[in-house]
Structures are given as C-alpha cells and as structure tokens.
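Chemist: Following this message is one structure expressed as structure tokens.
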Amino acid sequence: YKLSVAPEMDIMEYCRKEWRGNTPVAKRMRKGYEAVAQKFASIRRVRGDNYCALRATLFQALSQATQLPGWLQSEDFAMLSENLLSKYDWIKQWQLKQKLGRKMGEISEEIKEYLILLRKKWKNISEIKGPIEKQQACDKLFKNEEEEYSLYEALKFLMLNTAIELYNDDKNGRRVPVFSWLLFARDTSSNPCQLMHNHLNHIGHSGGLEQVEMFLLAYALQYTIQVYRLYKYSTDEFITLYPNDPEEDWPVVTLITEDDRHYNIPVRMCQETML
C-alpha cells in the first residue's frame, strides 16, 4: 500500500531539507515556513498526483470531524446522481475513474455508491472519540486506493452539483458569491456543462484544481479552506481563505502550498495558538 499522506515531520526540518539554497525563492519559502511553524509543529506530505487538493482538504476535514455535516444527513443526498441525471442529460458524459466497458445507465448507480461511501466514512470517523484512533482511521482510509479515489469522485460530483445550483441561482436573479461569476466568466466554463467537460472531468487525470475551483470545493463541503501560500509570503495573499467571506459556522481546514498546485497539510497546532 502506498500511503497517500506521509507520516508527520517537523516543519522546520522539512523546510531545511527542501529549501537549502540562498536564492530569493528559497529565502522566501523559509520565511513562509517559519511563519507556519508559529502555529503548527509538523507537516504531512500529500501524494502529488492531480487529486492532491481534494486529498489534502478531505484528509484534514475527516481528521477533525466530530459530527456529520448537515448536507450529508439530508434524505435525498444519496439520490443526488439520479436527480441530476434526470434533469441534465449531458451529465452522462461524466468521466468516472477508468473502467472500461461501462454502460451509460451505470453512471448514476456508481456515483450513488461513492456518495454513500463518503457519508459512511465521514460518519464512522466522526464518531471516533480518541484523537489517536481517529488519526489511525484516517491513515487507514487513505491507504486504501479503491475507497480513496471513490471519495474524490464523490467530491467532484458535489462540486458539479454546487456549480449547477449557483448557476441557476444567478440566472434566477438570486445573489451568488463573487467567485461564481468568475467561475462562469471563463471561456472554458461559461455553464455547468462546459465546467464538467473542460475542468471537473480532468481533475485527477490531467489537471488539479484551479484557484476558482478551490472556492467551489469549499462551497460544496461547506468548509472554509485556509491556505498558507508560501510563495506569497509578506503579501496580503500569504494566508488565503476560500471563500474569503466564509460563513461563521463553517469548520476550517488548513493547507500549505508552495505554488498553488501541490498542497501539503500542517498538523499539531502549537499549544499557545490553541489557547
């Protein structure tokens, strides 16, 4: 088994290993890591395929989950794929994990399985009381490739559902967050169908999440994603929040990136920051 999230390592030790030189970039990265080390003691490396933003976010959310989010509890959650497919025929072109010889009708069943798996895992892990046991359960889940990648399919589908809701809200004159305009202002995603074809279908295969899709992920999960963007150290974008005007009751997960493409996770909050 390949562990998708490596064991923890001291943040400054990690930084010294990765950024040895005296180039301006290396100096900036070291300053960035020093700032993160004021809040967190350790870092865990996340496997660097095109799922890493989803992987880092989900791992952090599950590691600190103490209850099932409201949207996962809703009656019709498991029916999401059937409901959407009955309204939007183009969703049949959803790109599932590579499985050959799949028939068109199977897609809604398969996505339904992934959504149910997401709810089950989230519920099981959130019910574990001890922090060590909870961490072990997360590590075990992120060693099981079949389940892990199924969860990313569920997340991507939730992102599509959220995009459809935002798009329809905007068309019906309801207020939508600013990122939603940016999402649909791109030539490649002027509507949810294009977003699926040109972006969501590629996540994990040929590309990761772009900035504007980090907002979409945050909205889909109803989590605030706080990111230390190390290459932006000493600018006001060093700590970026997705969304930047989060709902107060949304839980917060924290990630680290050096380049907005690959994400790692900081762990072990330093005692004084917890107080």
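Cβ atoms here come from the backbone N, Cα and C positions, even for glycine.
Predicted automatically and left uncurated, TrEMBL annotations should be read as such.
Here the structure is a predicted model, which means the values were calculated and not measured.
As listed in TrEMBL for this protein:
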{"type": "ACT_SITE", "residues": "ASP49", "note": "active site"}
{"type": "ACT_SITE", "residues": "CYS52", "note": "active site, nucleophile"}
{"type": "SITE", "residues": "GLU237", "note": "site 'Linear diubiquitin binding'"}
{"type": "ACT_SITE", "residues": "HIS262", "note": "active site"}
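Give me the local environment of each listed feature.
Modeler: Here ASP49 (active site) comes close to GLY204: these same-chain residues lie at least six apart in sequence, with C-beta atoms under 8 angstroms from its C-beta.
The Cβ of CYS52 (active site, nucleophile) lies under 8 Å from the Cβ of VAL46, GLY208, HIS262, TYR263, each on the same chain and at least six residues away in sequence.
Long-range C-beta contacts of GLU237 (site 'Linear diubiquitin binding'), restricted to its own chain and to partners at least six residues apart, with a cutoff below 8 Å, comprise ARG229.
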Chemist: Taking the Cβ of HIS262 (active site) as centre, how many other Cβ atoms lie within 10 Å?
Modeler: 18
